[in-house]
Amino acid sequence: MIGADPQTGTGGAPGGGAAAFAGLWIGAALVGLFVAAALLSFVWTPYDVTRIDVAAKLQGPSAAHWFGTDHFGRDLFSMIMVGARTSLAVALVAVGIGMGVGVPLGLTAAALRGGWLDELIMRANDLVFAFPALLIAVMITAVFGPSAFNAILAIGIFNIPVFARLTRGAALGYWQLDFIRAAQVCGKGRARISVEHVLPNLFNILIVQGTIQFSLGILAEAGLSYVGLGAQPPLPSWGRMLAESQTMFSFAPHLALFPGLSILLAVLGLNLLGDGLRDRLDPRRGLAP
Amino acid sequence: MSSDRTRLAGGTALLVAGLALAQAAFAQRTDIVVGMGLEPPHLDPTTAAAAAIDEVVYANLFEGLTRFAPDGSIQPALAESWDISEDGTVYTFRLHEGVTFHDGSTLDAQDVKFSLDRARSEDSTNAQKGLFAGIEDVTVVDPLTVQITLDQPDGGFLFSMAWGDAVIVAEETADAAKTAPVGTGPFRFENWVQGDRIELVKYPDYWGDPVALDRAVFKFISDSTAAFAAMMAGDVDTFPIFPAPENLAQFEADPRFRVIVGSTEGETILSTNNKQPPFDDPKVRQALAHAIDRQAVIDGAMFGYGTPIGTHFAPHHPAYLDLKATSAHDPDKARALLAEAGYADGFTTTLKLPPPSYARRGGEIIAAQLREVGIETEITNVEWAQWLEQVFRGKDFGLTIVSHTEPMDIGIYANPDYYFQYDNPDFQSLMDALRAEADPEARTALLQQAQTIIAEDFVNGYLFQLAKSGVADARIEGLWENAPTQANDLTGVRWTE
Amino acid sequence: MLRFALFRALSLGLSLVAASLVVFFALEIVPGDPAAAMLGVNAQEDTLAALRAELGLDRGPVARYFDWAGGLLRGDFGISYTYRTPVAQMIADRLWVSLPLALYALALTLLIAFPAGLAAAARRGKGTDLTIMGVTQLGIAVPNFWFAMLLVLAFSITLRWFSAGGFPGWEAGVGPAMKALTLPAIALALPQASILTRVLRSALIETLGQDYIRTARARGLTRRQVLWRHALRNALIPVLTIIGLQFSFLLAGAIIIENVFYLPGLGRLIFQSIGQRDIIVVESVVMLLVFAVILVTFLVDLAYAAVDPRLRRPR
């Protein structure tokens, strides 16, 4: 859900050890499955998702159509495959925007700790953070019209303060450490230290947070498409498939079942992967007794 | 209430009436919940175009001099009768006696003059100001007679006066009509829970035939799933325009419900920007027409509800001409025509789709059909406000899908500035001839000629006449089957059993 | 403490001014004329101009910004373009749906999360913990609007226990009104409860590892006593932060769920107003929601500072 607070993360896996290990691999497998489906959809889908065959509409799952057909007679399985592409692409680019803008901002703020620029960056972050992602999306689409691009922009903007805060918080810790102080004594500039010494140490937590934001991005994309603010037809998207099926699922439940399960499994996979990676990569978590 | 009854009847009559009432109370309901997809922005039909306003107030709360009957004919309403001068420019209306507004004040000719003058005044905010453009003067002859002078004869004037935008309001209450409407109709406004419902109650002092219902609630449910569930649960008694045609089969299978399918005045068309290349080439427009499979659009987008049309004219109108063959589905011919026009490899254009499902779903199907002949479309879903701004005013579009719901609106093709920008002098002079013609047979001939011209010029892709597909509790009778205007006239509605 | 509170309050004020500027001028460039949206396709140019003048749209954006922002300060939100009723009244009406819904969902969240979090922490690594953690993973991953659709399918269409949506109004009685909010509240609460359960569990486990807890255990308190008397109290601080955030998210994030259940709340009001280009309503609702989020953050900061004096320095 869009409202989920990203900074709370999802907590460590219970029992550490075996369960976390299983979670990591289950997560990796689910994510791998959807990535493979998305990539495969570029070269092959069982049916053309833009081809409409009204005569074949609303068929249940069968050997010819594994997931059945929708109200235009399109093959649901093919649409799920292409929808995976939409979902993953939107979420990935949005996380990229969040990292690309947020990490430099956070590094700058940490390097200039207590200065006016630090204060300005953090206040601006708070301001953006005060706008729920959906409100940002609604405002952006009101101005520019609905599209996948604007969905990316909205989710990306929402991600910026997340990464800026995380980066600043973690980087501040490193600025206290001896090896950074040593670099400073050697006369290296703050910008250079940030890039050469601080940033490499942040990779692990950024990867972990990136995975979590990726899963939130998929949920956000689904929510935006569901209310019609995401990818536009004829490009299939899971959220819009759900919205379109809503009037029909009392007599054709498969229309709502498969896209919903796809979102659920993709997000679940990413969360499990993120938790598993956190247990392995995040130094702050590795200490759990 | 009770004092009215005592006054009405004495002795046995009272007893009989009392028994009848008691019986009626047990046997019949006198309230109704009408479902609507859109909530009106406010309740003043004289200052906004929103169809939802008329769907609540037309004939129920507000009345005009004339009105639309369920079959689309024009009937007297507040005007009991009228005379038209020899030259057709002076209309003298005689008003019904004893008509009162819901605040108890009496309707007189001064109210009519006020309403019409307000609608045509300089600072008027009437959405259909054009209806009143021909009025030169409104004169009060006596309290029940009003004389309207037109600048030229207008065969459609009585028709214009029947619109919801031409209802009669009183000067004292007109400005408050948005939230506290005061009209002359059989129901008066009681309550509005914004975002949920509007409640009307019977106006006991109504001048005309009393209505059978005591109470009418209009409930706004924009979500089709919720609308379906509300009907099934009995929370709503009728949905005159049910938002999801895909659910009608389930209602049909259920004996508790009756599915009412009628026609509207809505010609649904693939509107084409005639000035934007390549659509300025008639061959390209013809190719477009042959690329479209109307029946697939009706089946896929409307689940079979809708009548295919081959020109911009309602099939239920006596002057309708079946011209579907002119633009029959023929992809090969479409491809050949495109090649002839120099677009053998096709081209890309924009398709802007407003919110109704006929447009959103129909658009996806048409995009697929056009792709078959090599025309790629970039679909943009727009809100009505954007559609008005970009398409209707800005003329920034290649294609769009819209239902033209105004009755008898073929005249829009004579306006070269209208958003699809069709400019044909022959057609324009034909429309001038039509306006001057009074003889019904000659008018029919002219109308058929007009239909043929726009069909053979392939101005737009003519898709289908929008059906009015609704559902009602099987025990309700008197609902309009067709929609000659946007209204939920409850004056004849009653529960049976 | 007072100085810190004043500093934060000033910062809050500046944030609100900045937010109002962003909201107003971002929406100012929204294409689409409110007057044209109201008068439709047959409106004449002079009619449109008359309506624009009536709505005050013929004046410059800067003048209108000061009117609007000045009005907000006085609690006057202006008059809706389309409905022509005071925006404050419309918002108040909608708040009577959105606020109870958020509180209802929050109550459900707490009712689920506290027992689940405590149980998981108490039996860490055991079957109960694994099961609860597994369920919360699903709860976080499920799109709430899809979950809402499934609830409608099960409880409205199939079982007919609840209506599929709509809101009878509080005048219909507390019972029917709460009933109408039940399915939406459940749909909203599930993911939030899952998040809170996990946060609570982590916080409890972390405090259980602290020295003083070990000391308490060494003094002979049972694990259960320690959990209830010491760990829970100390774990409450991070948990309260999350609850504060969740509340503002529930208020603003219910937009989609309100659409699924066609509840006349703030979210529906935003969508509807954007569609009708009733920009003044959109601006005011967005500002209100932003204000709610900023205010909650402010209160959480204050609460933190009250607990932990080290945080009173400017961040």
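Here the Cβ of each residue, glycine as well, is placed from N, Cα and C on the backbone.
In TrEMBL, the transmembrane segment annotation falls on C:134-157 of the listed ranges C:14-37, C:134-157.
Comparing C:101-122, C:177-196, C:235-257 for CB pairs under 8 angstroms to the transmembrane segment (C:134-157), the maximum falls on C:177-196. Counting only same-chain residues 6+ beyond the ends of the transmembrane segment (C:177-196), those with a CB under 8 A from a CB of the stretch are 97, 100-102, 104-106, 108-110, 112-113, 116-117, 135-140, 142, 144-145, 147-148, 151-152, 155-156, 162-163, 165-170, 239, 242-243, 246, 249-250, 253-254, 257-258, 260-261, 263.
With a threshold of 8 Å between CB atoms, the same-chain residues lying at least 6 positions outside the transmembrane segment (C:101-122) that come near it are 128-129, 132-133, 136, 178, 181-182, 184-186, 188-189, 192-193, 196-201, 204-205, 208, 223-224, 227, 231-232, 243, 246-247, 250-251, 254, 258, 263, 265.
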